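A short write-up of the structure that comes next.
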Amino acid sequence: MSSDSLTPKDTIVPEEQTNQLRQPDLDEDSIHYDPEADDLESLETTASYASTSVSAKVYTKKEVNKGTDIESQPHWGENTSSTHDSDKEEDSNEEIESFPEGGFKAWVVTFGCFLGLIACFGLLNSTGVIESHLQDNQLSSESVSTIGWLFSLFLFVCSASCIISGTYFDRNGFRTIMIVGTVFHVAGLFATANSTKYWHFILSFAIVCGFGNGIVLSPLVSVPAHYFFKRRGTALAMATIGGSVGGVVFPIMLRSFFSMKSDTDPTYGFVWGIRTLGFLDLALLTLSIILVKERLPHVIENSKDGESRWRYILRVYILQCFDAKAFLDMKYLFCVLGTVFSELSINSALTYYGSYATSHGISANDAYTLIMIINVCGIPGRWVPGYLSDKFGRFNVAIATLLTLFIVMFVGWLPFGTNLTNMYVISALYGFCSGSVFSLLPVCCGQISKTEEFGKRYSTMYFVVGFGTLVGIPITGAIISIKTTADYQHYIIFCGLATFVSAVCYIISRAYCVGFKWVRF
């Protein structure tokens, strides 16, 4: 940092140079020194020298060598740093050097999360195939909107249950909560396989399986942050690629089973397809439990005097699991709002993507192929932006992908999405951009959160996201209720505007951190 760029009231002086300020004519009574300050604290020195007031921020040698900036809470649009080194993380005062940033154990943990997320996100990406089969078979007597509420409830329970596992993970670690979530996830799938009535599917799939899926999701997304800081975007992108892999493999497997027929049991293919999915998810989640281990110490909160064990559990894991105070942090608040609108947009668009295609004369098989293209292109869509985010900044790349997705929807899909050839291109672009959104948004949340609090903050965010998903899909269904061409155009506009609002929220969140200037953030 050049001394020419400093004003007399904001001088940064290395520790070894501080004696130069203490000339005989200084007013010694105006020098304040904290003898208890350690290597991580700064000393504030104010002196009167040659009739000029000088305020010096004195850093330890360790901090000077690291280029540390100790900053106050930023105001709206304020650029909180006078310089931004190319290799500095702008928003964190954590000991960056303590993160492994790689190594055998770190990548084994990432691979374990990858396997677990194949099961979690793979099921989420297979709901369209399951919905289509139920609409034509077990639930053929129910309306489309009624069946839609089943899957909307599944997504809500999945998102909302993250809040329980996130709090437990921060306090107790990975393994126990993963075992509990795996039991619910697999048991829900086996119960779904034998369901025949609407209320059966509500209990087995939406509630039990949705709860288990959400329970395992939060720890699997949180653990890579324990091993990576500078390369966190790349690591989480590698882990979440499992969602796209599952989104490609699971629907193909389920459609193959669903096509099986039996003279004595018309549900034979569905039953064994869901059971096979349950066995496969059990194997994947078990391997994840074996391979993954958290690194950072747990957040410990002792019980109060005279507090019973059950009152302690109720207070810590139920009443305090929602981090309401986090919303007082404006950068976190707008990050959550941005995630709500992005998830609402993408989930609503994908839920009715096949219906849109068939309404424009595209066959059911080709519509299924378009969905497969989205999932396949989501694989590089998760990795490439994740890698770029470590080079150019997580928020910067996330905002760029959201704006690109908005352009794809308004410039590509809305005017040209009327024939199969165009839809192939649109599906590829949409899959790439939406995949990057899913992998980058948790990283952005992690960047503005302490690592040991990430699980709770992430789960709190997705608890709120669950409400957005719960109402977003039915609203989209109401928009296309008549299924006219104009209805589907309004459906694209609705999803596109939600994407744009998401980008604006992330821009505001970034502004609270570093202002509007171009820096790597």
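Cβ coordinates come from backbone N, Cα and C, glycine included.
Going by the topological domain names that Swiss-Prot assigns, L291 and T484 belong to different sides of the membrane.
Candidates N79, N125 were compared with Swiss-Prot; the annotation N-linked glycosylation site appears at N125. For the glycosylation sites N125, N194, N419, the largest tally of other C-beta atoms within 10 A is found at N125.
Along the topological domain 'Cytoplasmic' (1-103), the predicted structure has mean pLDDT 43. Highlighted: of the candidate stretches 173-193, 270-290, 423-443, 462-482, 423-443 has the greatest count of Cβ pairs under 8 Å to the transmembrane segment (368-388). Residues 76, 402, 434, 437-438, 441, 444-445, 448-449, 457, 460-462, 464-465, 467-469, 472, 495-496, 498-499, 501-506, 508-510, 512-513 of the same chain, all 6+ positions outside the transmembrane segment (326-346), place their C-beta atoms under 8 angstroms from a C-beta of that stretch. Note: the Cα of N419 (N-linked glycosylation site) and the Cα of N194 (N-linked glycosylation site) are spaced 39 Å from each other. Taking every recorded stretch in 144-164, 173-193, 234-254, 423-443, 488-508 and counting its Cβ pairs under 8 Å to the transmembrane segment (462-482), the highest total belongs to 144-164.
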